[in-house]
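Copied over from Swiss-Prot, here are the features:
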- 1-21: transmembrane segment (TRANSMEM)
- 50-70: transmembrane segment (TRANSMEM)
- 77-97: transmembrane segment (TRANSMEM)
- 111-131: transmembrane segment (TRANSMEM)
- 136-156: transmembrane segment (TRANSMEM)
- 157-177: transmembrane segment (TRANSMEM)
């Protein structure tokens with residue numbers, strides 16, 4: 001059962017939401033457009049606001065549902081974390097798109113809302129505050145990722161816990177997936193959200 005749920009979590013995470021929206025609405029391959037990501041920000045940049053909103057919600061749902069399925073069948077924290085990792089792995093490295101997917105932000109958010117709603121919504125709050133001030137999605141995502149392990153530590157009070165471990169892994173993964181954005185940020189070349197679709 002555990003292996004089955006992990007497999008389901010991966011395939012759930014690998015559903016190419018953004019790619020499908022790009023193909024059906026604009027006949028474009030998001031992997032070859034903009035940042036090359038299939039996540040909501042690249043959908044916003046190349047497809048539109050409402051498609052990006054729906055992609056974001058669905059991608060959040062992928063991480064949330066994967067963990068909720070695991071929680072339904074077990075109360076083991078480690079297994080919940082493994083299901084979340086599987087969903088995130090599917091989102092970043094989807095089998096359907098030859099391993100080229102998103103950047104783990106929305107699916108990771110869904111996972112943490114399921115693991116600890118306080119941490120999930122606190123991270124979302126940090127993202128929205130930075131976005132309101134900077135108007136830069138990548139900077140907001142990176143900032144939320146940096147704070148994530150600290151928020152988790154404050155919540156559970158231990159570094160020797162699967163939740164803290166996954167918060168650290170996801171933090172590093174999100175920052176690594178944004179490495180090209182970081183280079184553009186340092187050069188002052190990163191697009192602001194109000195520059196998108198102009």
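Glycine residues also receive a Cβ, built from the backbone N, Cα and C atoms like all the rest.
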Candidates 1-21, 77-97, 111-131; stretch with most C-beta pairs under 8 Å toward the transmembrane segment (157-177):
77-97
What residues elsewhere in the chain lie close to the transmembrane segment (111-131), defined as a C-beta under 8 angstroms and at least 6 residues from its ends?
60, 63-68, 71, 80-81, 84, 87-88, 137, 139-141, 143-144, 147-148, 151-152, 155-156, 163, 166-167, 170, 193
Where else in the chain does the transmembrane segment (50-70) make close Cβ contacts, counting only residues six or more beyond its ends and a cut-off under 8 Å?
5, 8-9, 12-13, 15, 17-18, 21, 25, 39-41, 43-44, 79-80, 82-84, 86-88, 90-91, 102, 106-115
